[in-house]
Amino acid sequence: MIKWTKQLNAAFGASFIWLICLIYFTQGFRSFVWTAISYQLKDNLKLSPSASQFVFSVAFFPWSIKPLYGILSDCFPIKGRKRIPYLVLATVLSLVPWLILGLSSTLRGSTWHLTIFLTMQNLGSAMADVVIDAMIAEAVRYDRASFAGDLQSISWSSMALGGICGSLLGGYALSNLQIDVIFLLFSVLPCIQLLSCSFVDENTANINFLSEDSIRHPLTNGSALDEDEDIPFNKNKKSHSTTTRRKKGKTKGKTRAINTRKSASFEKRDSLSFKWFRSLKNAIYDLCRAFRQPMILRPMSWFLLAHVAVPNLSTVIFYYQTEVLKLEASFLGTARVVGWLGLMLGTFVYNRHLKYMTLRKILMCAHIGLAFSNLLEIVIVSRKNIAFGVSDRIVVLFGSALADGINQFKFMPFLILSGQLCPPGIEGTLFALFMSINNLGATLGSFVGAGLASILNIDSGSFDNLLLGIIIHTLCNFIPVAFLFLIPKEATGLSA
């Protein structure tokens, strides 16, 4: 392990590896503060389950437009650098909202102000995620491609470690600290991240945006200026013109040369904005052209449908667990840790046993498995587990691990298809678009869940129709199975 770490440090630099680990750890550790947000909406702002879910849906929308951040950093470099300035901007956007919410009780006590600051924070987190992914892609492309898998491994490992630590400490913090202290404590990580950005040198040689040729006037490449300069020194032609005429010719040539230089200087100033506009236009055009291809559009449509068709009732379940089952914040944090362990176990099972199956079969089994995992929620809401002597805590822990593990069977094929469908040249931006589609689907599914809870009149202290809502959620898991024809028939976990 130590030898492997030394090799990575030697290949990319210790500061770069540290920045990767820190950013992904922070992304996972967000569960520390977002658990507090859930309780803030429920206990302090007294929002209904559907209203809380609406706030979460709006706040997480910036994760659905990740390609815009990629295009922005690709097409509009700041002082010749595409990554570090945007990473600094993203970190500031992630840091400032937590400081404001931690220091101002008035702002965190307002639903709309809280929603705005949470949306701003997610904007910064999503932008940082895109930028660090781009930096990893550039590092392995230009330096050591053989370390690509290693960088991805430490990224996911750091995020998993952050998720486990955040879930464990988040529950403990809620039981012992005020919510403003939790916000300020979490802001320490973005502060360290902001400081770490100053120690990473961006390789500007690989991202030289404006080439020498691009700032020349088209007419000078032929070049009128060169011809004019060569005229006085042309010895192949014999001139019989008078001395006065020669002087006029020289004067004329100098005038043309000055005009051409002025034109070139003007074009040099204007070419930067023109180059930016052309790069932006080409990036959007290439992205749209690639996405319109049936081999990309069809499977991505399925993954979007798979989220939208299944209403997300997670916030409603959270209200039920805290109000009816009386589960403490520390226990719910433990349940999330068990969920992370289930996710890692699901990844292991997938890589060991499922990757040779066709993706259609894997996705069908995943959705059927998710439908059956919902039976545990039906059991606990109907209180059948008490009749058999099984405690609520055991059912919640087992259900958390099972649901997260099965969800990984669904997410792994998405990652595989996303990587295989990206054409050369726009891999980073198109992959970010794929992830945004997945995030957009989850956001829309959350909106649908909030609407379902509102229609069924599921509210804080009123969970009579929750069982019906879970049954509807369970049946909806079979809807995407009917559209599996959109997934490539012969695609497996190894090749598409």
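Just so you know, glycine gets a Cβ as well, placed from its N, Cα and C.
Automatic, uncurated: that is what TrEMBL annotation is.
Per TrEMBL, these features apply:
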type     : residues : note
TRANSMEM : 12-34    : transmembrane segment
TRANSMEM : 54-72    : transmembrane segment
TRANSMEM : 84-103   : transmembrane segment
TRANSMEM : 181-200  : transmembrane segment
REGION   : 226-254  : region 'Disordered'
COMPBIAS : 235-254  : compositional bias 'Basic residues'
TRANSMEM : 302-320  : transmembrane segment
TRANSMEM : 332-350  : transmembrane segment
TRANSMEM : 394-417  : transmembrane segment
TRANSMEM : 429-454  : transmembrane segment
TRANSMEM : 466-487  : transmembrane segment
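Per-stretch counts of Cβ pairs under 8 Å to the transmembrane segment (466-487) identify 302-320 as the leading one among 84-103, 302-320, 429-454. Panel annotation: around the transmembrane segment (84-103), residues 33, 69, 72-73, 77-78, 114, 117-118, 120-121, 123-125, 127-128, 131-132, 135, 180-184, 186-187, 190-191, 193-194, 197, 200, 202 of the same chain, lying at least six beyond its termini, place a Cβ under 8 Å from a Cβ of the stretch. Between the transmembrane segment (12-34) and the transmembrane segment (181-200) there are at least 3 Cβ pairs closer than 8 Å, counting only pairs 6 or more residues apart in sequence, which means the two stretches are in contact. Ranked by the number of CB pairs under 8 Å to the transmembrane segment (302-320), the listed stretches 54-72, 394-417, 429-454 are led by 429-454.
Counting Cβ pairs under 8 Å to the transmembrane segment (429-454), the stretch among 54-72, 181-200, 394-417 with the most such contacts is 54-72. Long-range contacts of the transmembrane segment (394-417) within the same chain: residues 299, 303, 306, 321, 325, 327, 331, 334-336, 338-343, 345-347, 349-350, 354-355, 359, 362-363, 365-367, 369-370, 373, 376-377, 379-380, 385, 434, 438, 487-488, 491, 493, 496, each at least 6 residues beyond the stretch ends and with a Cβ under 8 Å from a Cβ of the stretch.
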